[in-house]
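Enquirer: Right, I'll just put the structure down here and ask away after.
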């Protein structure tokens, strides 16, 4: 029946033999006698074409070879006019990316290679252009790729709508949920839709998605309870068991898929190519997007788990009063299912093993056998799952559907996508297959009606030249199944309402009514329970066993009562309609076939109100393998779907048609002289003028009575020309509008500028006037003040002359009085200083002589002093008393003796310094805690609690001194000096830490080290820095030299340069000079090398004592205040760079400046 010629290439033609290579790669040698069976191939069939109406070979062989060539090149889409033929590749192809979406946006059919996106784009822009509802009918056998095509069209529409809002994401996320609960693996398809759905996507006037609505048709509920070999239950069960967490599975008492009877009937729990774990996470995320609460998701999981547990119940046959009965074996599954449904386990057992009947007001309870008990269980499970699926669809619609407003001006258009189960023909076909094939018969009739019937009727009404094309009409099959009286659906419904109706009585009625109908195939003998129907896609035989039970689709009153007693609110919600109906109402409720027939009628009315687009999906093989093309299977699908006739009618027909008014209004922009339709006298002439101008006179287009008929390529050319013309006109309008807008803006800006200039000039003139007015007022004031000032100055000069003479007289008198007092004080002070200096010089002269005689004078001096002290002890206290008496009798002599004792006793320089500066306290004292002032300086210590006594002056006798002009001392401020000359980050503020750099810049490294050493010595002297705790005892005799001698030697030293060089070159000078007093004095004044030994440094590190920064000029031992003064003064004398300079451009700072700096800060801190 489906044997068609095979394409081949002639390799050799010689000696009466023809060598050919066919499309399947087989070689053949044909004799010349069979050459009549070889027909030349049209050039268009050699490499294939994108649109099959362009084929030269309009036959089955040419069409099939065209699909085969393109399929092997991974070109799975082919046009038949505006109808798309899609061959399932059974593999992922990289042709559905975002780049492909952009490529096919706003493109006509034919501009780009065939693609599912091109049909979606044409459907969308046809809706925008005509403001009419569109629909896309996707048909084909099970496994041909209808569901994937629907998802791709949804993806494209969501991308090009331009809004990218939440509603678009919700529409896309509805697909995973519906597939999980409504799709399953079959022997022909791994993701077969076991229900039909019609997705109506709503668009606003701007073309953006604003909502959608999903209608579902005839879910195959029997799959929950039964599956054939190599098939699975619905995806949701396997995804839940694979993806649910262990804790949740423990709460639901769930295990693995192999543990449940409902999931293992087909001996297939794994589907190749599907990741159940990943799919479950996608389902949960989609539920969140579609506003499923966590409680609702958990309740859905509880019902699914209860279904699995109920499926594992075991029934045991029993005899009760000589009647067949059964009982449910007590098991964990029973208690678990009852707990999940929140009902009593005993009531579940009673519901599954008995039935309560109400007859004439009396209640009768009958027992059920094992087979009836299993049927009741399966009916209960199908009722739960079917109502759960309906509730999920309603929940999705509540999230994505937005009812249109009541405003009559509001305009809403839609695009409908029909993804319904394909034609099915299994080994055993039941009631579900009858309904599915009935739906496909309706879709085929819809296709035939639009493609063949309406088109040819319109051609005849318009009176155009046309040759009628024969096509296969399936109207007879529809009449027998559901349209004419006593049809198959009505007979099944009638028998379902009879209490005693059985499948056998139903089959008998069907045979008696339709046995003479050629489409109906009765059973061969009375024992057969099957009948056949010749559908458009082939003959299908249906097994009538279970037809009536499935058609009734009702639940017993016991099950409804069980649901009523449940405390689970969710299960009551999905059974809300059943609980609201009474027993009699449930008996009169419509059957499943009646519900499906009404839903299908509504669907066909909806499709009839839309402009349709068709996608024909072809399944290339039965094994779901890529790149495998079965010729017989494909040609059978092409024949059954009417594609052969479709190609012929599209090739010779005119798919594009417009009324004269529509054509003129749409394409009059292409011809300048054509007026609008309402102004045209003869619109047919105007249409002919446009076509002859743009398309051409000899092209294949025809004029009807009220319409014009065009080919697809004519429409594409007209649309392209129209787009070009409109673009030019739009650019012209934009130019004019932009020019008008810019001129208007310029005039507005110019008026604004003139107004601003006027206001600004007025403001400027008023401002100049006020300025001039203020200037004249100021000039008057200055003149008047100058006049008053001159008179005041003359009077002031006269008074100042008088005051000067008077003050001069008083000052001269006071000066002479003070001068006499000062001269007297100076005379006494100079005398005292001279006597002290004379006494000190005498003493130092004696010491110098002693040092010159012998270097070991300290030892002899000690012996002499010891002898003198022994002599005094021998004289006894009597001599001392006599001496004191003589001193009291002669004060002057006591003074002389005191001076003598001073000359004889060696002076302790350290004691003298400590006595003078003892008020500074120890090194650890703080300012204000120094102690008592030394003798002679008590007047410097003032009691802070007592106010100073100020000598009262007779102000009447002393006139005030003339006030001199105050001198600007800002130039001599210490802060200004510090900011100008200090190095680094040093500031004039007081600090108690050693310096890292000298305050002033010194080029000599010795001066730098000396400056840092002097600063540390000052801090130690003032008590701000502690003394070193580890010190070295140097016993070279230098510490016994009198302090006055050291100071004298330092101050009287004139050849300090020569001595400094001698000290630095100590290795080159004779060794005896190191022991001289001069060397010891210089080494004490300018310390060049630390005397701390290695052991002392080790002790310092060992005890963790702090050490000062390393400086070879510092003593690494505690020093007295005299040694500190000696060090400071000596450096000041011997280093000119450290002394203050009179030249302001070269400041000297280390000896004089730090003292002034520290004294100022120290006094401010006190």
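Glycine is no exception: its Cβ is also placed from the backbone N, Cα and C atoms.
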Enquirer: Need the matching range: TrEMBL marks region 'Disordered' on one of 903-923, 924-944, 945-965, and I'd like to know which.
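Expert: Based on what TrEMBL states, region 'Disordered' spans 924-944.
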Enquirer: To which of the residue ranges 531-553, 554-576, 577-599, 600-622 does TrEMBL assign the term region 'Actin-binding'?
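Expert: Spelled out, TrEMBL records region 'Actin-binding' over residues 600-622, not the other listed ranges.
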Enquirer: Over the span of the domain 'MyTH4' (990-1166), how high is the average pLDDT in this prediction?
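Expert: Over the domain 'MyTH4' (990-1166), the predicted model scores a mean pLDDT of 58.
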Enquirer: Based on DSSP, tally up the residues of the region 'Actin-binding' (600-622) by helix, strand and coil.
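Expert: In the region 'Actin-binding' (600-622), the DSSP-based counts are 9 helix, 8 strand, 6 coil.
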Enquirer: Enter the number of other CB atoms within 10 angstroms of the CB of residue 146 (ATP binding site).
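Expert: Other Cβ atoms within 10 Å of residue 146 (ATP binding site): 27.
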Enquirer: Please list, in sequence order, the residues in the chain of residue 141 (ATP binding site) that are at least six apart in sequence and whose C-beta is under 8 Å away from its C-beta.
Expert: 188, 422, 423, 424, 537, 617, 619, 637
